[in-house]
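Have a look at the structure below, then the notes.
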Amino acid sequence: MASNIGMMDSAYFVGRNEILTWINNRLQLNLSRIEEAASGAVQCQMMDMTYPGVVPMHKVNFDAKTEYDMIQNYKILQDIFNKLKIEKHLEVNRLVKGRPLDNLEFLQWLKRYCDSVNGGIMNENYNPLERRSKGGRDRNSRGSQKTTKSQQASNMHNSASGYTVDLNKMSGQKQGRGSAVVGEANSSEEIQALSKEIADMKLSVDLLEKERDFYFAKLRDIEILCQTPELEDLPVVVAIKKILYAADTKESALEEAQEYLSEAICTGETEVESEV
C-alpha cells in the first residue's frame, strides 16, 4: 500500500497540471491552481470516491475560507486515515496556509495512494456532484434558518425605531461623509500593503520551488549513479539507497544505513583476515 512513500518515489515527480487534471476529471471541478484545494474538502471527497460511504460528506465544508473551517475538514480527513489505518501525518498548519508546494506534495501522495487502491480506475458509479450537495443542503438549510431569524430581529428593531426623529441628522450626514473619505484612504493603504505582501509571498514561493527542483535534481543524479551495475552492490551504495528509498514517516533511515555499513565493513575485514 502507498501509505508509506519515500520522497524519491516517482509520485513526487508528478506535475501540478497532471494533479489538477486528475482532480477536475474525477470530481467534476474546475480548479486552476493547486492552492484552491488547500481547504481539505477535495482530499476528503477523493477518499470518499476511493472508499464509498466512509467519509461523512455532510460534515465536509466545501465553502471553507478561514483556517478554522479548513482545519475542521482536515480533522475529518485525519479521522478517516485513522479508521482505515493509513499511516500518514497531516501537516495541517502548513496546508491551510495555501502554500502551493506543501499542497502539491500532499496531493501527489494522495494521487499515488488512491491509484494504488483502485488501480487508477475511476469509479463510474460515483456521482461527485450529488455527494457534494449532500453536505451543501444541510449547511444551506442551517444558514437560511439563521438568516431568517436575524432578518426577523432586524425587522423588529427597525419597526420599533422607525418613528424616532433624529435631530442631528444633517450634522450626522456631514460626519458620515468625512468618515467615508478617511475610510477610503485607509482602505487604499491596506490594499497596497496586502498587494506588496502577496508579491513578496509569490517571490518566496518561486524561490522555494527553484530550491526544491535543484535538490531533487541532485538526488536524482545520486540515484542514477547508485543504479550503475558496477556500483549498485557496494555496501556504501546500498546504504545510500536505504536512505533514498526510506518511507517519509521513517525516522531511523540514517541509523539503519550506518548500521548496515558498519556490519558490511566488519564482515569484509573478517573475510580478509581469514584469507590471510
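In case you wondered, yes, glycine gets a Cβ from its N, Cα and C as well.
All TrEMBL annotations are machine predictions without curation.
The domain 'Calponin-homology (CH)' annotation in TrEMBL covers 13-115. Look at TrEMBL and you will find 124-164 tagged as region 'Disordered'. According to TrEMBL, the compositional bias 'Basic and acidic residues' annotation covers 129-141. Positions annotated as compositional bias 'Polar residues' by TrEMBL: 142-162. Look at TrEMBL and you will find 183-253 tagged as domain 'EB1 C-terminal'.
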Taken over the domain 'Calponin-homology (CH)' (13-115), the model's mean pLDDT:
94
Residue counts in helix (H, G, I), strand (E, B) and coil for the domain 'Calponin-homology (CH)' (13-115), per DSSP?
67 helix, 0 strand, 36 coil
